[in-house]
Amino acid sequence: MPSRKFADGEVVMGRWPGSVLYYEVQVTSYDDVAHLYTVKYKDGTELALKESDIRSQSSFKHRKSQSSSSSPSRRSSSRSRSRSRSPGRPAKGRRRSASQSREHKDDKKKTVQETSLALPVLVLFKPSENNTKRYNGEPESTEKNATSCIILEQKLKPDLEIKRVLEQYSLRSRKDDKKKEEIYSEKKTFVAVKPVEKVPAKTKELEFGGRIGTFMLILLLPATVFYLLLMCKQDDPSLLNFPPLPALESLWEGRVFGIFLLWFFLQAVLSLLPIGKVVEGLPLSSGRKLQYRINGLYAFILTAAAIGVLLYFQFELHYLYYHFMQFAVSAAAFSLALSIYLYVRSLKAPEEELAPGGNSGYFIYDFFTGHELNPRIGSFDLKYFCELRPGLIGWVVINLAMLLAEMKIHNLSVPSLSMILVNSFQLLYVVDALWNEEAILTTMDITHDGFGFMLAFGDLVWVPFVYSLQAYYLVGHPTTITWPVAAAITVLNCIGYYIFRSANSQKNNFRRNPADPKLANLKFIPTATGKGLLVTGWWGFVRHPNYLGDIIMALAWSLPCGFNHILPYFYVIYFICLLVHREARDEHHCKQKYGLAWERYCQRVPYRIFPYIY
């Protein structure tokens with residue numbers, strides 16, 4: 001096993017990836033497995049570099065001294081040799097003209113040298129449209145390919161050849177010529193740089209409480225879902241009134257599990273239909289971009305048509321209400337089996353396909369967070385499919401089933417106003433997500449988190465069975481509200497939705513095309529990555545305005561259930577905790593990614609989610 005060359009805390013010169021420029025960095029850590037140094041630049045940016053991309057400061061100073069003029073003794077000996085006139089030397093007058101000629105050649109060589117040194121600056125720092133990469137002395141990122149380096153070498157080659165021809169007739173010693181050859185070969189090697197290959201490093205900073213925390217979450221998440229559903233069936237769903245545990249045989253029914261499988265594979269088939277546009281996701285660590293078919297809204301319309309046909313033929317959709325716990329158990333069992341399959345297949349996945357946040361080497365942690373970033377069966381992306389299809393569309397179907405169950409149980413000709421509000425608000429939320437399906441490709445779930453138990457259970461169990469808690473609660477605990485109260489709740493939901501949608505649209509449009517004339521009024525802080533941090537609009541109000549809109553909508557969904565019990569407000573309480581935790585994760589990743597630019601952004605926008613509060 002090779003020993004490390006540079007120690008932690010040592011100040012060295014690190015090459016900026018994709019360029020030939022070296023900057024002063026400090027070594028922070030070393031990965032013994034990947035043989036990579038984690039270094040920190042002066043602007044706060046942290047990168048993983050190979051040992052070949054790091055050089056000591058003394059080597060740079062030594063090289064500079066080597067390229068300087070010869071020592072005084074050597075110069076004096078050279079002058080003494082020049083006084084002795086050789087037999088074939090021309091006359092004094094001619095010697096003066098030859099000296100002038102050499103001076104002319106020296107000027108020419110100096111011009112060539114200046115030209116050759118100026119070329120890399122022109123190539124590496126060529127201005128481009130919307131160049132936001134220069135910021136407070138931060139190193140500029142360049143395309144990670146060797147094309148620009150090859151072009152640079154081709155441009156340098158003629159000038160270097162002229163220089164060598166001129167030096168061929170100089171009166172320097174052979175030792176000086178040899179030294180020049182070494183400098184030339186070194187410069188050529190330095191220019192013809194190879195692209196840096198990114199090797200995913202081990203996950204060092206464990207989230208969710210590490211191994212113990214993730215193990216507890218694997219047990220607590222299913223228990224929380226079952227507890228909430230049992231509480232909703234109680235006549236008095238207070239916190240102190242713990243529900244009796246049902247018999248184990250009553251929690252499982254083969255028919256229910258078969259219906260769940262039918263639903264899952266129906267949505268899978270709809271996602272594979274050749275309708276809708278195909279878009280590319282963000283670049284992976286290897287530079288490759290995956291393709292995704294955007295047809296979630298079409299799948300929703302076809303599902304709604306299928307449900308309408310079933311209702312026309314008198315299918316009892318409220319069957320979901322009477323077997324709700326069994327459906328939740330079936331979904332939990334399926335998500336556990338899916339998580340095991342995902343982890344087993346990730347053990348054979350190439351290193352570049354592993355998730356940056358789920359590559360710790362600990363079984364429990366990687367099983368929970370997800371070891372593989374984008375597991376696919378052919379072109380079928382499992383994580384992307386589960387994010388929006390079976391759980392999110394299933395949430396709307398469950399709400400509709402609860403509405404029909406309320407009408408049947410309470411003998412109503414029309415559903416209650418509270419049930420209508422809950423169904424309408426949440427239907428709007430789901431349709432909006434499917435309408436803007438492409439925006440999910442830039443979220444942390446897709447770009448950073450692997451597909452493991454956390455997302456599998458969250459997408460297939462938590463979303464459909466916890467997010468529909470208000471509708472499930474209203475079936476057994478009807479709540480009457482007046483029209484003015486309903487109007488006020490509707491206004492509150494509209495405010496939350498407006499903040500949520502306009503903030504997300506502003507961010508997505510800026511990411512897609514920062515040079516759009518429609519966004520000319522937006523101000524931003526440029527970063528070393530080439531991306532900008534918005535400091536005007538909603539993103540200049542708080543750092544996560546979309547989270548603020550989400551929380552306002554969550555409160556509007558719970559208010560129609562009244563104030564008799566806290567149970568229907570579990571969703572808004574949980575959502576605040578979730579978004580505060582996610583905001584902390586975003587803060588950590590953005591600080592590592594953007595460095596000093598993120599600190600400036602935080603100074604400009606001090607509030608995270610709630611203005612003047614948090």
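Glycine is treated like the rest: Cβ placed from N, Cα and C.
For 4-62, the entry in TrEMBL reads domain 'Tudor'. TrEMBL lists 53-113 with the feature region 'Disordered'. The feature compositional bias 'Low complexity' is assigned by TrEMBL to 66-75. The annotation compositional bias 'Basic residues' is assigned in TrEMBL to 76-97. What TrEMBL lists as compositional bias 'Basic and acidic residues' is 101-112. The transmembrane segment feature in TrEMBL is assigned to 212-230, 256-275, 296-315, 321-344, 455-475, 481-500, 521-542, 562-581.
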Intrachain residues whose Cβ lies under 8 Å of the transmembrane segment (296-315), provided they are six or more past its termini: 266-267, 270-271, 273, 275-276, 388-389, 393, 396-397, 400, 430-431, 433-435, 437
In contact by Cβ distance (the transmembrane segment (321-344), the transmembrane segment (455-475); 3 or more pairs under 8 Å): yes
Helix-strand-coil residue split for the domain 'Tudor' (4-62), DSSP-based: 9 helix, 27 strand, 23 coil
Intrachain residues whose Cβ lies under 8 Å of the transmembrane segment (562-581), provided they are six or more past its termini: 228, 231-232, 237-239, 418, 466-467, 469-470, 473, 477, 479, 481, 544, 547, 550-551, 554-555, 609, 614
Which of 212-230, 256-275, 481-500 contacts the transmembrane segment (321-344) most, counting Cβ pairs under 8 Å: 256-275
Residues of the parent chain within Cβ reach of the transmembrane segment (212-230), under 8 Å, 6 or more residues beyond its termini: 243, 245-246, 324-325, 328-329, 332, 364-365, 367-369, 453-454, 457, 461-462, 465-466, 469, 472, 567, 570
